[in-house]
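S.K.: A single structure is presented below for examination.
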Amino acid sequence: MDLTIRPRRLRSSDCLRRMVRETRVSPDSLIYPLFLIEGENIVEPIPSLEGQYRYSPDRVGEAVEACLKAGVTRVLLFGIPAHKDACGSSAWDENGIVQQGIRAIKEQYPQCYIITDVCMCEYTSHGHCGILCGETVDNDKTLEVLSKTALSHVKAGADMVAPSDMMDGRVAAIRKTLDEAGYTNIPIMAYSAKYASAFYGPFRDAAGSAPAFGDRRGYQMDPHNRKEAIRECALDVEEGADILMVKPALSYLDVIREVSDTFDLPLCAYQVSGEYAMIKAAGAAGLIDEYRLLCESALSIYRAGANILITYYAKELAEAMGKGDMG
Ligand code: PBG
């Protein structure tokens with residue numbers, strides 16, 4: 001055959017394939033989500049997320065140590081409070097569950113970089129992401145409690161805050177509050193294009209944050225929309241976000257690509273609970289090779305344009321990346 005161009009030439013050995021790779025990944029880009037629960041001496045498995053646990057502040061160090069050992073230095077904290085009320089007041093309590101967790105981690109592992117999820121749904125009795133007015137979430141009233149919550153996380157020692165509520169104007173409100181308190185150096189990672197997704201199912205079970213009525217379509221994005229994601233990101237950029245995020249990841253690779261092409265900020269993708277649970281379940285059923293799939297799905301998210309990845313598989317991925325063996 002007279003074939004001058006043969007793409008297979010560059011695929012002929014492992015050594016060569018590694019040399020010509022377009023996507024290079026590093027454990028530095030990984031963030032591991034951690035669930036904190038009020039109480040003492042608790043490490044309890046999360047039934048909806050096999051292999052994931054809820055930790056009381058006195059034992060969360062064990063989870064952090066395992067992360068550090070695997071090469072994961074960045075964590076994203078979620079809190080499950082003992083007390084919930086209509087306005088979610090324990091979210092900004094200086095002795096709230098996340099605040100206790102931050103202090104406990106920083107005391108033992110100051111090198112651990114702590115990002116906190118800022119949202120009201122785990123703290124409100126109705127499970128919505130803000131303050132209700134009738135049956136809808138009041139945007140502007142919610143900005144106030146989100147800002148207070150972000151500030152209290154930073155005061156407790158958080159290195160970065162990540163608002164996930166999808167209220168309009170929350171990045172600007174949080175930025176202003178942090179700046180006024182002197183925290184001009186604390187970055188905001190905005191859940192900019194966060195879709196109203198069925199993929200969050202296992203998380204809501206893990207965090208006890210399912211809405212008591214209705215759904216989150218009044219504030220999270222409609223999965224039909226792509227241009228709207230660009231608009232949401234543009235607003236967050238204007239409001240002072242330091243890092244943008246697309247969430248979920250695998251079903252929204254087109255959005256990740258477009259946001260990465262359009263904006264010059266670092267871009268994070270969140271491989272959410274449902275994505276993890278599906279891979280776990282299919283692996284446990286013997287239908288797929290779990291290791292290869294967790295690597296391949298992560299690679300596809302990076303290839304789409306994400307620079308940073310939040311995933312429940314962070315430890316496994318860090319080890320895979322460290323060995324240079326992504327399946
Ligand atoms: C809080 C929040 C959620 C997730 C991250 N932050 C749940 C939701 O919006 O209902 C989902 C994470 C996951 O599914 O892994 N609002």
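From the backbone N, Cα and C atoms, a Cβ is placed for every residue, glycine too.
TrEMBL labels come from automatic prediction, so no person has curated them.
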S.K.: Let me know which member of Cys112, Cys129 TrEMBL also records as binding Zn(2+) at the site of Cys119, Cys121.
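M.R.: For Zn(2+), TrEMBL names Cys119, Cys121; of Cys112, Cys129, the listed one is Cys129.
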S.K.: Compare the Cα of Tyr312 (5-aminolevulinate 2 binding site) against each of the recorded positions Cys121, Lys194, Arg204, Arg216 and report the nearest.
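M.R.: Given the candidates Cys121, Lys194, Arg204, Arg216, the nearest one is Arg204.
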S.K.: Taking ligand 1 as the reference and 6 angstroms as the Cβ limit (strictly under), which recorded positions among Cys119, Lys194, Glu232, Lys247, Tyr312 are close?
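M.R.: Result: Cys119.
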S.K.: Can you tell me which recorded positions out of Lys194, Arg204, Glu232, Lys247, Ser273 are within 10 A of Cys121 (Zn(2+) binding site) by Cα, answering none if there aren't any?
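M.R.: Taking Lys194, Arg204, Glu232, Lys247, Ser273 one by one, the ones whose Cα falls within 10 Å of Cys121 (Zn(2+) binding site) are Arg204.
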S.K.: Below 8 Å Cβ to Cβ and six or more residues apart, same chain only. Which residues does that give for Cys129 (Zn(2+) binding site)?
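M.R.: Expected: Cys119, Met120, Cys121, Val137, Thr142, Ser164, Asp165, Met166, Met167, Arg216, Tyr219.
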S.K.: Recorded positions Lys194, Glu232, Lys247, Ser273: which have a Cα within 10 Å of Arg204 (5-aminolevulinate 1 binding site)?
M.R.: Ser273
